[in-house]
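Engineer: For reference, TrEMBL lists these features for the protein:
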type: DOMAIN; residues: 243-439; note: domain 'Major facilitator superfamily (MFS) profile'
type: TRANSMEM; residues: 12-33; note: transmembrane segment
type: TRANSMEM; residues: 53-76; note: transmembrane segment
type: TRANSMEM; residues: 88-107; note: transmembrane segment
type: TRANSMEM; residues: 119-141; note: transmembrane segment
type: TRANSMEM; residues: 161-182; note: transmembrane segment
type: TRANSMEM; residues: 188-214; note: transmembrane segment
type: TRANSMEM; residues: 244-261; note: transmembrane segment
type: TRANSMEM; residues: 281-298; note: transmembrane segment
type: TRANSMEM; residues: 310-328; note: transmembrane segment
type: TRANSMEM; residues: 334-355; note: transmembrane segment
type: TRANSMEM; residues: 376-400; note: transmembrane segment
type: TRANSMEM; residues: 412-434; note: transmembrane segment
Amino acid sequence: MSKRLTKATYFFYGLGVAYFMLDQIFNQWIQYFYLPSEKAIADYGISVIMPPIYLAIAFVIMRFVDAIADPIVGYMSDNSNSKIGRRSIYMLIGIIPLALSMIAFFYPLTSSVLITTLYLAFVGSVYFVAYTLVGGPYNALIPDLATNKEERLNLSTSQSVFRLVFTAIPLILSPVILSNMIKSGMNFITAIRIMVTGFSFLSAVIVIVSVILLKENKIAVKKNSDAKKINFKDAFSYLKNKEIMLYFIGFFFFFSGFNIIRNSVLYYVTVILGQSEKAASIPTTILFVVSALFFPITQALCKKFDYRKIMLFDLALIIFGTFGLIFLGAKSKLLFFTMFSIVGAGVSGSAFIFPPAMLSEISTKLYEKYNVSVEGMMFGIQGLFLKLALLLQIVTTTLVLPLGGNGGATKLGVLATLVIAIIFLIISFLSYFLKKSEI
């Protein structure tokens, strides 16, 4: 009988998702740094670093490079025999360049638009390849460490709790830190560089500590020792399964919509409500607190109902809450916070618990049915879709936010992005609705 995972394993595994602090910094500040709102331009004396179309081009280039890396890294980790652990070795290789490239985003070369575009594309390519080296193998640890569905759900929940914490820390604190440094007399550019450097260093240290203390090589199930050896093409072919395709389509459009909502918080608060960047910490705090409160509820429901049914309910909540933000959010603070609370309730399962839990079940079923170890490949492909969703969000918001203005984000642009988010969420709902429970 296999040994059950300890509380320490769940804790140290959860710590490994600290790289999500950098994910949040990317979502929250990269676009704002290169394409500031009209209010920020007026308040801080800064300017748009590059035209929106060139910003979009740079993001497309870095995502193209990233798209190539995701399945390759997944396949390599599936077939690794490192003494440290087949997943841990890649996390250690990737975390330092991940942190350094995040800092490099905020030191752009600005001698010309072309140079700035090429610089951003290069730094972004390094960032996303490094992100893949850390994130793909980290997620693939769930089916490697667990021996049953309950343990996979518990690992997914542990990851979700820590991911919420590591997302909330920069999401809530970065505007406060930035605002306080600016109030002390520091200029916007210097303040944001110091803030980003601090979060990058903290993220790298925590991930390294997680890898060292988790000791993957001692507790992971050695699947690659008895699984059938397959080449890259054969491993990739499992995507042709209809149920797996529907899962990834639903996943892609969910995160496309959710990333737009998450990205829009800062613009909604500053442009529509006319408040400071610091004020954006209030609705985001509410969203994540509500999400955290729903973790145990979601976990309990997962033990009684199919993941897919709860996912559909969560999507309905997010769609309803986003409609409320568009039509009611600006009318009163109570309605604004209420809508964000509803979104937070839906985000608990859909954005945090279900992505690793559902894909772990898919990977395990493939292993049991076909005797193939493709966990890393599956999570690599999921990482690919996650980053493509982020690309779609960035391109969409970059082009739509300035709608009706002179380069900076406008009220019309912010509301238009939320409408697009709802469309993406509806497509996700339909995909999960059509998906069956088994592959």
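Any Cβ shown, glycine's included, is placed from N, Cα and C.
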Engineer: For the transmembrane segment (188-214), give me same-chain residues lying six or more residues beyond its boundaries with a C-beta closer than 8 angstroms to one of its C-beta atoms, as numbers and ranges.
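Structural biologist: Distal contacts: 8-9, 12-13, 15-16, 18-19, 21-22, 25, 29, 33, 40, 44-46, 84-85, 88, 91-92, 95-96, 98-100, 102-103, 105-107, 134, 141, 166, 169-170, 174, 177-178, 181-182.
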Engineer: Ranking 119-141, 161-182, 244-261, 376-400 by Cβ pairs under 8 Å to the transmembrane segment (334-355), which is first?
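Structural biologist: When the Cβ pairs under 8 Å are tallied, 244-261 comes out ahead.
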Engineer: So if I exclude everything within five residues of the ends of the transmembrane segment (281-298), which remaining residues of that chain have a CB under 8 angstroms from its CBs? That is, six or more out.
Structural biologist: 157, 160-161, 164, 167-168, 171-173, 175-176, 265, 268-269, 310, 314, 336-337, 340-341, 343-345, 347-349, 351-353
Engineer: So, does the transmembrane segment (412-434) come close enough to the transmembrane segment (310-328) to give 3+ Cβ pairs below 8 Å, pairs being at least 6 apart in sequence?
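Structural biologist: Since 3 or more Cβ pairs under 8 Å link them, the transmembrane segment (310-328) and the transmembrane segment (412-434) do come into contact.
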Engineer: Assess whether the transmembrane segment (412-434) lies in contact with the transmembrane segment (161-182), where contact requires at least three Cβ pairs under 8 Å among residues 6 or more apart in sequence.
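Structural biologist: These two stretches do not touch.
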Engineer: Where, among 88-107, 119-141, 161-182, 244-261, 376-400, do we find the most CB pairs under 8 A to the transmembrane segment (12-33)?
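Structural biologist: Per the Cβ count, the answer is 161-182.
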Engineer: Residues sitting near the transmembrane segment (244-261): Cβ under 8 Å, six or more positions beyond its termini, same chain?
Structural biologist: 27, 238, 311, 315, 318, 322, 343, 347, 350-351, 355, 358-359, 362, 381-382, 385-386, 388-390, 392-393, 396-397, 417-418, 420-425, 427-429, 431-432, 434-435, 439
Engineer: Other than its close neighbours in sequence, what residues sit by the transmembrane segment (88-107), given a CB gap under 8 Å and a spacing of at least six beyond its ends?
Structural biologist: 16, 19, 22, 25-26, 30, 33, 73, 76-77, 80, 82, 120, 123-124, 126-127, 129-134, 136-138, 189, 192-193, 196-197, 199-201, 203-204, 207-208, 211, 214, 216-217
Engineer: Tell me, what is the mean pLDDT of the domain 'Major facilitator superfamily (MFS) profile' (243-439)?
Structural biologist: 88
